[in-house]
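Scroll down for the structure; my scribbles are underneath it.
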Amino acid sequence: MPFTLGQRWISDTESELGLGTVVAIDARMVTLLFPATGENRLYARNDSPVTRVMFNPGDTVTSHEGWQLKVDEVKEENGLLIYIGTRLDTLEENVALREVFLDSKLVFSKPQDRLFAGQIDRMDRFALRYRARKYQSEQYRMPWSGLRGQRTNLIPHQLNIANDVGRRHAPRVLLADEVGLGKTIEAGMIIHQQLLAGAAERVLIVVPETLQHQWLVEMLRRFNLRFSLFDDERYAEAQHESDNPFDTEQLVICSLDFVRRNKQRLEHLCDAEWDLLVVDEAHHLVWSEDAPSREYQAIEQLAERVPGVLLLTATPEQLGMESHFARLRLLDPNRFHDFAQFVEEQQNYRPVADAVALLLAGTHLSDEQLNTLSELIGEQDIEPLLQTANSDRDGAESARQELVSMLMDRHGTSRVLFRNTRNGVKGFPQRELHTIKLPLPTQYQTAIKVSGIMGARKSAEERARDMLYPEQIYQEFEGDSGTWWNFDPRVEWLMGYLTSHRSQKVLVICAKAATALQLEQVLREREGIRAAVFHEGMSIIERDRAAAWFAEEDTGAQVLLCSEIGSEGRNFQFASQLVMFDLPFNPDLLEQRIGRLDRIGQAHDIQIHVPYLEKTAQSVLVRWYHEGLDAFEHTCPTGRAIYDSVYEQLIGYLAAPENTEGFDALIQACRKQHDELKAQLEQGRDRLLEIHSNGGEKAQQLADAIAEQDDDTGLVNFAMNLFDIVGINQDDRGEHMIVLTPSDHMLVPDFPGLPEDGCTITFNRDVALSREDAQFITWEHPLIRNGLDLILSGDTGSCTISLLKNKALPVGTLLLELIYVVEAKAPKQLQLNRFLPPTPVRMLLDKNGNNLAGQVEFESFNRQLSAVNRHTGSKLVNAVQQEVHAILQGGEAQVEKAARELIDAARQEADDKLSAELSRLEALRAVNPNIRDDELAAIEHNRQQVLENLNQASWRLDALRLIVVTHQ
């Protein structure tokens, strides 16, 4: 290898040293100085792992002074290169730059530059890079992108709502599904879609204080979204970091009380430029035309400033018309400005709902009914469709569906309101109540008497709360020595029940964490019962482990002991036995407890066991819930309203349970009120809205399509290949689970999304649903997305050399495999990836410029090739550099045609789809005022921006592989 003083070389093994200069040569050794780092290296002259740096005409090089030169000609003088060309800063021509004056911090980013500089990658990394490009491009174009990655069952009505709303520009909608149908999951799916597509980057979730942790857990566990919880303490900390504390995080959860209490805080929230606002339990925002509440006004201020708003609320019929109007007014104050007009409109929708019912029933329509339909739809050329729908011909069913769709588009609040009911969604279990009446121990009787004397000044509500939990009264008097569990008959009953039902998984819920901890100790020490505990004092990871242990079929815990707050946001559909060790104070909390098991996907009827102590508030409450509200065995949409209306009387009975006079009459009155309210709710059901929200056959097809994707072996193969190459250890744990841990030889020191102590993953949705400690890996999971970014944002695998053993070709035949990427650079919110994601174009060129890629498929070709070590590869490249240059130039000429076709097709698709959506909404605007002007303007602006940016799409060489034929 001929060395000359002043020549520039690069190390094959330490490319981070930059450009080296030959500073000393003797008979056997050569010394290189690397000015960028100030280090020297001594190499053997005969076989040193270094590559001569030689640029070619067309390249741009940088001088040590920082200016750049576009190379036109390369001369050699006494073994040193001189580059002649045009200075890019002054445009001066015929400028000479000697190689000794090249910038030492030179970084080779183009694949061909890296190849010629000897920075040759492993062959498996090249293959991974191409697969990553291919898969990423395919995933971007999936129509249900953003709906596959969540750890949830694929429930059609949820997917339907998320698919409709999640793809809108700045969606402003009301999600009003009945309890247990998954409003939180629907909101999470919409948030996930908007974030993934780039339609939103900053999200604020405002919830009641008691639900903050539930949302935090749901967003993290189900959607891999890390929200920050803002309370007084976190807000104070963030004030040191930024003028506006809310600018310190992109995804924030805070309580409604936190928002309402402080005027400056609300101003900071309003100024924080959120893209999406989510408000849970929005029915608690009290409004009247004369006196809106402070909470309502606070959310109204936010809703005026934030483009996208999701309100989660109880069903409209539960709320009353005025309250329902108040929610809609937050979403679109221009459209919903007059309550009286709104009431009139709602009454006018009855014929529409009747028409839909007729169409769905499949019965023949009378002429009068056909005329009504024609008027309601208001299209000029609707007659043929009506005739087909009213016939027995082929296509009658699809014509009916199209008419239903047209009615839904044109009438009602279906664009802003989504509401599913349990009647309209199948798959819920029955609930059976088992009450166990137990005697009140004398120890409790004494403690209650003393408490009554000492607590005479307490309010009725405080006394009522005390009377619900007699063990706490006893413990207060006895202190640490008070062992209530030794005589409380509920403990004896619980132990007896658990020992006689060893094969059953049992969820036990009690109000306080201390009760759960004491019960766990008693069950373990007395009967050896395996019990996990779950309370608010535990971290999310600790709760995950407890939930996972409870979920294990054979070796897991038989019972999970939960506190009221600790169980929020967790669902255990695999269990069907629920024990309420005590009772919650209001019907909402009771429904929340039962809702841990009563979810879609529950395979068995739920057995609810309530052991209660006679002559206590428990005995009063169990009767009121069951006989007055029917709240144990059925969902109780009327519960809160009745609870509020009889609150004072109920508190009186709870505070003094021995006084039963008039209690039977109260129960009867509550039951009568419950039955009447429930009948009103049923009568007021809006079938049209339910059909729209449910999604019908279309929603089922969406769920089926995503389920089919769940079995994608391509993802598993790619992920394992990715983890291997990144250097992540994989340990098969069985049951479709793998443990990933970082290794000491990873491509990057910290792989984003992989904890220091590792994590358990699964590719199986059912396993992920039953094992909360296992992360559910899909194309949308951060581990995969971060892995794709890691590979594709750098130069990993961008150039390699392989040998092809093929005696049918002459030895030394060259092939060049080129991977070009066609892409359009644009702001993320334009979502150009729907039409033109970074798309790989593969070419396999011989020395004559023939493209063989069509005949030679990548994977089968890759299997025929063998790797070359870097040092040998550098020698090969040096020997064939001129030929490679010629083939590369031919490739540049050929790729333009393929790239142009891709860009033109993307432009056409974008124009067709966006124009069609705009035309549809503009036509509907005439008959449905729920279509907002700003939404139409945004779609038109978006269409223009998309087409403009697609016009500027370009292509570049992303990776290349030099293949040399051998016979050995």
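FYI, residue positions are counted from 1 along the chain as it appears here.
Any Cβ shown, glycine's included, is placed from N, Cα and C.
Residues or ranges marked as ATP binding site in Swiss-Prot: D177, E178, V179, G180, L181, G182, K183, T184. Taken residue by residue with DSSP, G182 (ATP binding site) is part of neither helix nor strand, so it is coil. Note on G182 (ATP binding site): other Cβ atoms within 10 Å of its Cβ, all shown chains, come to 23.
Swiss-Prot lists 164-334 with the feature domain 'Helicase ATP-binding'. Per-residue pLDDT, averaged across the domain 'Helicase ATP-binding' (164-334), gives 89.
Under the heading domain 'Helicase C-terminal', Swiss-Prot lists 490-662, citing sequence analysis as support.
Residues annotated as motif 'DEAH box' in Swiss-Prot: 280-283.
Around K183 (ATP binding site), the same-chain residues at least 6 positions away in sequence with a Cβ under 8 Å from its Cβ are L175, A176, D177, D280, L312.
By the criterion of other Cβ atoms within 10 Å of the residue's own Cβ, the least surrounded of the binding-site residues V179, L181 is V179. Neighbours of G180 (ATP binding site), defined as other CB atoms within 10 A of its CB across all chains, total 18. In the structure as shown, the Cβ atom of E178 (ATP binding site) sits within 10 Å of 19 other Cβ atoms. Cβ-based neighbour count (10 Å, all protein chains) for D177 (ATP binding site) stands at 26. The record gives D177, E178, V179, G180, L181, G182, K183, T184 for ATP. Within 8 Å of the mean position of their Cβ atoms, the other Cβ atoms in that chain belong to E186, N420. According to DSSP, D177 (ATP binding site) sits in a coil region rather than a helix or strand. Mapped onto DSSP classes, the motif 'DEAH box' (280-283) shows 2 helix, 0 strand, 2 coil.
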